[in-house]
Amino acid sequence: MSDQGAPSQAPSTASPEAQETGAAPAGENQVDVGAEKTGAPASPHQKSWLVRHFSLLLRRDRQAQKAGQLFSGLLALNVVFLGGAFICSMIFNNVAITLGDVWILLAALKVLSLLWLLYYATCTTRHPHAVLYHDPHAGPIWVRGSLVLFGSCTICLNIFRVGYDVSHIHCKSQLELIFPVIEMIFIGVQTWVLWKHCKDCVQVQTNFTRCGLMLTLATDLLLWVLDVTNDSMHHKIKAELNTLMENFSGNDTNTCLCLNATVCEVFQKGYLMLYPFSTEYYLICCAVLFVMWKNVGRRLAPHPGAHRGTPPFHLHGVIFGPLLGLMALVAGVCVFVLFQIQASGPAIACQYFTLYYAFYIAVLPTMSLACLAGTVIHGLEERELDTLKNPTRSLDVVLLMGAALGQMGIAYFSIVAIVATHPHELLNRLILAYSLLLILQHIVQNLFIIEGLHRRPLWESAPEALAEKREAEPPRRDSLLELGQDVRRASLAYIHSYSHLNWKRRALKEISLFLILCNITLWMMPAFGIHPEFENGLEKDFYGYRTWFTIVNFGLPLGVFYRMHSVGGLVELYLEA
């Protein structure tokens, strides 16, 4: 399908600002330029009726787009408030509103979102001129890979949940099997649609598409909130496992017994292991759906200096960054294994908390110094800032700043608890230093990543510099042979500029790889069950069990998402250096 067939397509000479507002600014700018060339004032009465009518239609089109965004946003807001009221009522009054009532509401929302996803993939995108543009910045490979990975883990989690319910089918309601089945179908279809259409800029059925995207986003957000607030199921499953073993040994006469204790234990352990991936999956879906919502009705103007695609991932001879990162990764795996083995017992010895916090105190300052050095190198670079509007980059910045609040909030609460109680004990000093270094590391890493994301990639700046140089030279292409030689020289110059690593580019690649491996290490430890913030007992005794459990339950998933999102941003910085 050619782009010329679209009646609403922006002209190829549109300014970069037309990338967001569509063809309207381009048309108005062309009229103004024509008036400047003729020397006549661009007054409204001198413009033709067709130009005035076309400008009025374009303004009305922009107003309709704003109205559609407002209506769909209000729809999502009301759905989130309704679902949030149900979940909060279940938490504070689980007699009037039970978990089954929340599941029924979410099942209805998942069915509606599922129907819209199927309609979008089979009907909307197949309309003539439906998807004329694709956002090159939306849906990078690491985001789509995370969708598939975490979506598969969430489906496996629901399989374990179904297996556990089936093993207790004689004493549980059969309706409980419906909810995980609906969720598995919803996750499978949503992952397929987002993988295939995350870059779409839809030009037809825009209001209906915006409402469907916002409904699906609100559903994912409510599922994330339910997963976060329902994290107490970890403790419930452990308690059920202990009761089950007591019943199996004959100490109790409870009739709700698992038919096979080993199989039930496998289902429970699998559920506990895969539970963190569910929260991450819904957060990633919310981010991708928001970018798709921003891209509805968006018309992209062609950029002459843009390079299609990104370069492949190569090490380019960097040594120290991967070496130091691998050392941190190995040390983190050792600390993780030791802490997990100790956590499986009745109590965790103090030396294991000391080892855990000492590891963080060693890694966090090194990461902070690397981020500061990278920020300074960004200031010394000659690459220009990318000032074009980009919804994906804006969302990346918002997610980095917002997700960082999770661990930073836990750290601030820990600081207050330590200073107000026993700041002179060794473990408390380590926790205090860990909290302060964690806040500092989040701040400087956000500065480094955001500064790098706003720099123009090398493959965009190099060809433009070559083009400017060629335009400045006098025309001396008298034959096709000279033209071919000029193109060959420009290609060789670009390849040399791209392949040659100066000290600034090499340092940025070293720093980016080191931070990637460190963030993977710090993502792995809380994602797979290490929660010393709750196990050490200091903050729990200070704030109370319920309050501190809520703080940790909201902060830790955001912290896990922050590490994963930082890895994606650092990979982009590595490729663009």
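Using N, Cα and C of the backbone, Cβ positions are placed for all residues, glycine too.
Where the annotation comes from TrEMBL, it is an automatic prediction and has not been curated.
Here is what TrEMBL records for this protein:
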type	residues	note
REGION	1-29	region 'Disordered'
COMPBIAS	1-18	compositional bias 'Polar residues'
TRANSMEM	70-96	transmembrane segment
TRANSMEM	102-121	transmembrane segment
TRANSMEM	141-162	transmembrane segment
TRANSMEM	177-195	transmembrane segment
TRANSMEM	281-297	transmembrane segment
TRANSMEM	318-343	transmembrane segment
TRANSMEM	355-377	transmembrane segment
TRANSMEM	397-419	transmembrane segment
TRANSMEM	511-531	transmembrane segment
TRANSMEM	543-562	transmembrane segment
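Two recorded stretches are said to be in contact when at least 3 C-beta pairs lie under 8 angstroms, sequence spacing 6 or more; the transmembrane segment (543-562) and the transmembrane segment (141-162) fall short of this definition. Listed by sequence, the residues of this chain that lie at least six past the ends of the transmembrane segment (355-377) yet keep a Cβ under 8 A from its Cβ atoms are 324, 328, 331-332, 335, 338-339, 427, 430-431, 433-434, 437-438, 440-441, 444-445, 447-448, 451-452, 504, 507-508, 511-512, 514-515, 518, 521-522, 530, 532. Within the chain, the transmembrane segment (318-343) has long-range Cβ neighbours (under 8 A, six or more residues past its boundaries) at 349, 352, 355-356, 359, 363, 366, 506, 509-518, 520-522, 524-525, 528-530, 532, 535.
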